[in-house]
Amino acid sequence: MTGLFTDQIPLLETFLFSSLISAVDPVAVLAVFEEIQVNEILYIVVFGESLLNDAVTVVLYHMFESYTEMGLENIIYTDILAGFANFFVVALGGTVIGIIWGFATGFVTRFTHEVRVIEPIFIFVMAYLAYLNAEIFHMSGILAITFCGITMKNYVEANISHKSHTTVKYAMKMLSSSSETIIFMFLGVATVNKNHAWNTWFVICTIVFCSVYRTIGVILLTAIANRLRLHQLSKVEKFVMAYGGLRGAVAFALVLLIDPNVVKLQPMFMTTTIAVVYFTVFFQGITIKPLVKILNVKTAERRKPTMNERIHERLMDHTMAAVEDIVGQHGNYHV
């Protein structure tokens, strides 16, 4: 409305762009946070936020994509209400599908002790089936695969052998690193093509607003969360959370999916997304480590337990097991 961008950007196209640019990249964030070895609480909070943020982004993106195809003049209030309802249905539906497939994997792996070699395949295939199942019903595939993994961690890990566990762990690390590398290579290739539309003010405003509104969001949401948390998030931790909002693969992948025939400004959106990804990954990613050291952020403690601690822990474990056997109650510390 100020006329800064020279191009007149329609409202729905702005919403479409804002939905994809809000995706915080979990892999880039975790790579940085593992490097600086922040404490576990902060690591888990940022990881959870970036992961669920992805799911929310994809749902919002598809919602605004369908609105853009319909056109602003054709949208009636029932479409907006359907969009809000769809948002919750897609998120909850994806979560439920993921949990069901996680339980199914737990059930199947109870009977694989005779053929340990097929355990890793079952885990990979059923996790992927959870994703496909969610996508078939237009639910959130990211949420499905996330909650499938969370459920598997609790119910599948104890069923499989140590060798299968190691196989799954390192195969997954290799696949995730390969996927991330391919996407960033693709990002590099897309940077040097001819379909760019550079708009200086649009790029600057996007970077500034992404930073400002992320900070406001973190301050407001952590204020609410701190009322319910045992571990209170400090001001320094809030700053690291706000500063650690790196954009990456998800935003870039979504902007490439926009149909240029429907959204005429797709080249400008793509150029701006690449600029934001470069700024956050290079500038914020490089400067976050010195900032963490300057601000004395609590880092993870990595030490081996002493012999005394190990003996006492073993003694307590055996005592607990004996008491559970006598009482006939099994589980985590029944009263």
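For all residues, glycine too, the Cβ spot is worked out from N, Cα and C.
Copied over from TrEMBL, here are the features:
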- 6-293: domain 'Cation/H+ exchanger transmembrane' (DOMAIN)
- 15-34: transmembrane segment (TRANSMEM)
- 41-64: transmembrane segment (TRANSMEM)
- 84-103: transmembrane segment (TRANSMEM)
- 115-131: transmembrane segment (TRANSMEM)
- 137-156: transmembrane segment (TRANSMEM)
- 168-189: transmembrane segment (TRANSMEM)
- 201-228: transmembrane segment (TRANSMEM)
- 240-258: transmembrane segment (TRANSMEM)
- 270-292: transmembrane segment (TRANSMEM)
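Counting only same-chain residues 6+ beyond the ends of the transmembrane segment (240-258), those with a CB under 8 A from a CB of the stretch are 16-17, 20-21, 23-25, 27-29, 32-33, 38, 42, 45-46, 49, 54, 57-58, 61, 65, 180, 183-184, 186-187, 190, 210-211, 214-215, 218-219, 222, 233, 266, 269-270, 273-274, 276-277, 280-281, 284-285, 288, 291-292, 295, 297. As a quick check, the transmembrane segment (41-64) and the transmembrane segment (270-292) miss the bar of 3 or more Cβ pairs under 8 A, pairs 6 or more apart, so the two do not touch.
The transmembrane segment (15-34) is in contact with the transmembrane segment (270-292), judged by 3+ CB-CB distances under 8 Å for residue pairs 6 or more apart in sequence. Counting Cβ pairs under 8 Å to the transmembrane segment (84-103), the stretch among 137-156, 168-189, 201-228, 270-292 with the most such contacts is 137-156. For the transmembrane segment (201-228), same-chain residues at least 6 beyond its ends with a Cβ under 8 Å from one of its own Cβ atoms are 4-7, 21-22, 238, 241-242, 245, 247, 268, 271-272, 275-276, 279-280.
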